[in-house]
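Right, one structure below, let's go through it.
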């Protein structure tokens, strides 16, 4: 029979619920048969309920477990009261003696097996197994098969040698402490050995069992929340020696201060400890058992019995834990109080499996303080074989000695990780062995080792020692406290569950698993480490993500056909934290532009129409007024940039007629102003067949032609005016274009490509890539008073910043950026900055108040301050606003008016900046107050208004959004655009955003 039962311990963990019931019966051998029968009738319902509970939860689904678990404890409260009283009255029954012979046999077998294991363990230790496999192996060795016996025996420490002889005589009540300890030993043995028989137990005993399991859960509860813990500790403290009392007070103080939120983290690390060194727990629960038993106090005994059977139950999960040493602490996150009931147990193990490296670290740390303590104890503690009284004294001394040490050790950060690992291995090797027979113990290590199970054990043992009458009240009090606790437990569980939504069973403890609260001095310190480590791990994780994103962008930029994926949630922040090289930024933006081009080949008009629909309300209400407010200097009547000039009006002016029609034109190539007279159909430079007229600018007119030498490739030919100044300007533009093209051989920077140049009839002709429209025409055609879609504006802004980047690399100022000088391709996806007729080298910046078209003129130009690349940035800002709204941002009639409009947006110009202006006196008085020059509407005379302060009154965001009802993603982008414009339109060029910063701005980086 004994032989048959040994494997059953190993193979049938699911029997353990029933087994634990049985063990309580055996433990309560003292209960007389007739008493148990009397109670049987009284508790019949309860008994069956309890039994069915265990059956149900053997294989029930997790949802059922959850549901039942919530309500179970409420109904058990009253039962517990009755049960506790009943158990007090019960005596010991000799009913189980018949089984003891078998037990003795089984014990011998177990001892032999344990000896073999000890040798194995020693070999492992000596081989200094430090690998993860070694740890796992050791976990297996001290696994579920041994756990019952090993842990029970270890629980009953030094008396294991006398076990077999004493088992039979142990059932009588004896007042001396040693005999009660022995009795508990034999009881625990019986329990573990006869697990498989336990279902057959009789009714009265089953009732006791129920009580036991209940009170066990109570006890477990006791160990759950720090505040409650401190209560029971206070009581224990009463009976402790003064030094012990002091020490435990320190501990309790530490544990109490964080109270419930820390309890959660403590429980986490405790549960981790439990997982990793089951040995430690066992010793802890052992202490708990001993502590609660006094010869005088049957009540204490019954409570203990209960706690023991629970511990037995806890063994299965612990064994599982040992086998899976790397388990996620996350499940232990919520307060240990969470799932005490058996229903929780099955849900635990799967969770345990998923330990991230970070978490493994954490658990390592939390484990190590205990292990260290054990080691230090080993060296210091007196031999275990002292009499109980003496042992108590030496323990208290030891504890005194150990306290500072534990505190020192408990800062897990200070311990190197490999140290911890080796210690953990050592403790694993040692602890299973140390719990076995004295012989083996001697072989493996000095008896001293047995002493040092865990800090918990240390702090608990005094409690065990105090068997005074006070103990009895304490038992009573703690029982009622437990009942109270169980009431509040449900609420707390609910709370903690809501906190930790990801994992229902996070932090749950299998029934019988105790939260190791007494190591709170270690754990409190650890709380913070755990959080910090989480932070570090998060930072590390983000860094890895950023690198992945950057890699993606690199590959994409290399492959011009591919485009950037939309993963990076906030590339802006990631790039900034990495401080990426400008090249990275540029490549990323270039890739983004290509993606936009590919995705939006045919969607430009659709997106503009969508925006029109959003703006319908605004247009209906007040578009006519707005036209008056912002006079359009590019009205149809005098627009020299209208799409095709071979219209009736132009034909009447003699432009665009075929020269064959009028032979007199043959010698008269140039008109009075020096413009070339274009003839559709003529061939320029013997290869460019002119088929259309594009327009006329200050410096030139532009025709469309096909290159006969290049398979009729379309080109745009710019024919410079034939006068000395214009030729000079044309040659300067040619020089800048060549420089820019040479600096951008791959055409990534969106400056117009120059193919070649030639002279035709004394006019300098520049041959460019063909582009269909400029942005002024696009706005007129698609977005009049409405503007373009935010997607288009974002892409255009990316491309404009790239163009500015190239200009800066070449030390060139464009000095005339505006929608008219930005050309787009047929699909309106790619733009090119053109018309470098006003461009200059950055060093040659002559101070002139009329540089740049007025609406796009930066304030530093107007006041005559020196300028640099910031003037082009300002122009781009004005252009972007215009592209999104369809309205000119600063439609000033004069330079003075331009300053007023700019200050209406940004506030008064800084005095420091005003003082540097050559033309400051035209706009500011001696006190640097702004002199606003306006024409009186009545008298039509100029009047000057002195403004000492100008408060910003223009709301850029309101102007951008207007009356649009934007979806959330677009609204976000508009807010980002507003932020970008605020930084671009700084009055002081020194504070204006740089090109690199603009390229890293969220508006540019984040996709829609």
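Keep in mind that glycine also has a Cβ here, set from the backbone N, Cα and C atoms.
Copied over from Swiss-Prot:
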COMPBIAS  39-59  compositional bias 'Basic residues'
COMPBIAS  67-81  compositional bias 'Basic residues'
CROSSLNK  99  SUMO2 cross-link
CROSSLNK  111  SUMO2 cross-link
CROSSLNK  117  SUMO2 cross-link
MOD_RES   140  phosphotyrosine
MOD_RES   144  phosphoserine
MOD_RES   166  phosphoserine
CROSSLNK  170  SUMO2 cross-link
CROSSLNK  177  SUMO2 cross-link
COMPBIAS  179-202  compositional bias 'Basic residues'
COMPBIAS  214-230  compositional bias 'Basic residues'
MOD_RES   294  phosphoserine
COMPBIAS  302-315  compositional bias 'Basic residues'
COMPBIAS  342-367  compositional bias 'Basic residues'
MOD_RES   354  phosphoserine
MOD_RES   366  phosphoserine
MOD_RES   431  phosphoserine
COMPBIAS  438-498  compositional bias 'Basic residues'
COMPBIAS  519-536  compositional bias 'Acidic residues'
MOD_RES   520  phosphoserine
MOD_RES   566  phosphoserine
MOD_RES   570  phosphoserine
MOD_RES   579  phosphoserine
CROSSLNK  594  SUMO2 cross-link
CROSSLNK  660  SUMO2 cross-link
DOMAIN    688-1004  domain 'Protein kinase'
MOD_RES   850  phosphotyrosine
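Across the recorded positions listed here (111, 850), the residue whose Cβ sits among the most other Cβ atoms within 10 Å is 111.
Per-residue pLDDT, averaged across the domain 'Protein kinase' (688-1004), gives 96. Annotation note: residue 594 (SUMO2 cross-link) sits in a helical segment as assigned by DSSP. Of all the recorded positions listed here (111, 117, 850), 850 has the Cα closest to the Cα of residue 594 (SUMO2 cross-link). Cα of residue 850 (phosphotyrosine) to Cα of residue 117 (SUMO2 cross-link): a distance of 96 Å.
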